[in-house]
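S.K.: Okay, here's the structure, questions in a sec.
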Amino acid sequence: MTGLAVNIDHIATLREARKASYPDPVAAALVAELAGADGIVCHLREDRRHVQDRDVRLLRKVVQTKLILEMAATSEMVGIALDVRPELVTLVPESREEVTTEGGMDLIVHNKSIAETIGALQNNGIPVSIFIDAEPEQIKLAHQAGADMIEIHTGTFCEANGSARRRQAFDKIVDAAKLAKKLKLGVNAGHGLCYNSIKAFKGLSEIDEYSIGHSIVARAALVGMERAVRQMRELIDAL
Ligand SMILES: CC(=O)[C@@H](O)[C@H](O)COP(=O)(O)O
Ligand SMILES: NCC(=O)COP(=O)(O)O
């Protein structure tokens, strides 16, 4: 069965908009699990714009499925990961000015440092995924760097204008997923996926799990977290 990992970052975004104590992303994670999530994702950004250290530590205590920590490959974040011990770390590129993650990790540029970060985490029993663009070169480099999994950046496909661009972006995802499986990497996919774009993935059995946050939280604001997660769960079950 294809997995659904629910990213609760933007519950924290709503809380941080007022620097309030609610809504609590930890509570959202528990509801998401009850509604059928296979995992909970949180991205502890260096600037702490949404998820806070307290959230990650509490999530570690209460999440019953699996906790996936998205983070930059910095020594501060590696220290936190070694302490919190999530079931999976996903390394993502970060830029302070971006509104959201703008692309995958460039392993042509960061190959050596990423391999070191992967080693530091794996040597302590923490599996590592790398968030990368659907480019064959990046996938081969992720494999060479020793990653356990990759997460294919789906944002380019989700944002593509026009059917030709959309098709081209999707074909790259298909090729990337097939290549990664051939290299015996686990394959996750995420960023920008919504209740409509997820339907395009029907039949793409190479993808183990989808990581989806913003669209679920946006729907949850209107219909509630449980319904929003269940509706996404049903779409993924129908793929
Ligand atoms: C890597 C990724 O796709 C997620 O981290 C997602 O971007 C949610 O976090 P932000 O919205 O802060 O980028
Ligand atoms: N890794 C992708 C993720 O966790 C969720 O991204 P989004 O659905 O919030 O764009």
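The backbone N, Cα and C atoms fix where each Cβ goes, glycine too.
In case it's useful when we look at the structure, here is the feature table from TrEMBL:
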- Asn7, Arg18, Gly192, Gly213, His214: 3-amino-2-oxopropyl phosphate binding site (BINDING)
- Asp9, His10, Arg45, His50, Thr100: 1-deoxy-D-xylulose 5-phosphate binding site (BINDING)
- His43: active site, proton acceptor (ACT_SITE)
- Glu70: active site, proton acceptor (ACT_SITE)
- Glu151: site 'Transition state stabilizer' (SITE)
- His191: active site, proton donor (ACT_SITE)
S.K.: In whole Å, how far does the CA atom of Gly213 (3-amino-2-oxopropyl phosphate binding site) lie from that of His43 (active site, proton acceptor)?
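M.R.: One finds 10 Å between the Cα atoms of these residues.
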S.K.: Measure the Cβ-based neighbour count of Asn7 (3-amino-2-oxopropyl phosphate binding site), defined as the other Cβ atoms within 10 Å of its Cβ.
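M.R.: Cβ-Cβ neighbours of Asn7 (3-amino-2-oxopropyl phosphate binding site) within 10 Å number 27.
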S.K.: Given the recorded positions Asp9, His10, His50, Glu70, His191, which lie within 10 A of His214 (3-amino-2-oxopropyl phosphate binding site) by CA-CA distance?
M.R.: Asp9, His10, His191
S.K.: Using a 10 Å cut-off between Cα atoms, which of these recorded positions sit near Arg45 (1-deoxy-D-xylulose 5-phosphate binding site): Asn7, Arg18, Glu70, Glu151, His191, Gly192?
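M.R.: So far as Cα distances go, the recorded positions lying within 10 Å of Arg45 (1-deoxy-D-xylulose 5-phosphate binding site) are Glu70.
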S.K.: In this structure, which of the recorded positions Arg18, His43, Arg45, His191, His214 has the fewest other Cβ atoms within 10 Å of its Cβ?
M.R.: Arg18
S.K.: Does DSSP put His214 (3-amino-2-oxopropyl phosphate binding site) in a helix, in a strand, or in coil?
M.R.: helix
S.K.: Going by Cα-Cα distance, which of the recorded positions (Asn7, His10, Arg18, Glu70) sits nearest to the residue listed as 'active site, proton donor'?
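M.R.: For the residue listed as 'active site, proton donor', the spatially nearest of the recorded positions is Asn7.
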S.K.: What does DSSP assign Gly192 (3-amino-2-oxopropyl phosphate binding site), in three states?
M.R.: coil
S.K.: Which recorded positions from the set His43, His50, Thr100, Glu151 come within 10 angstroms of Asn7 (3-amino-2-oxopropyl phosphate binding site), judged by C-alpha positions?
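M.R.: Near Asn7 (3-amino-2-oxopropyl phosphate binding site) by Cα: His43.
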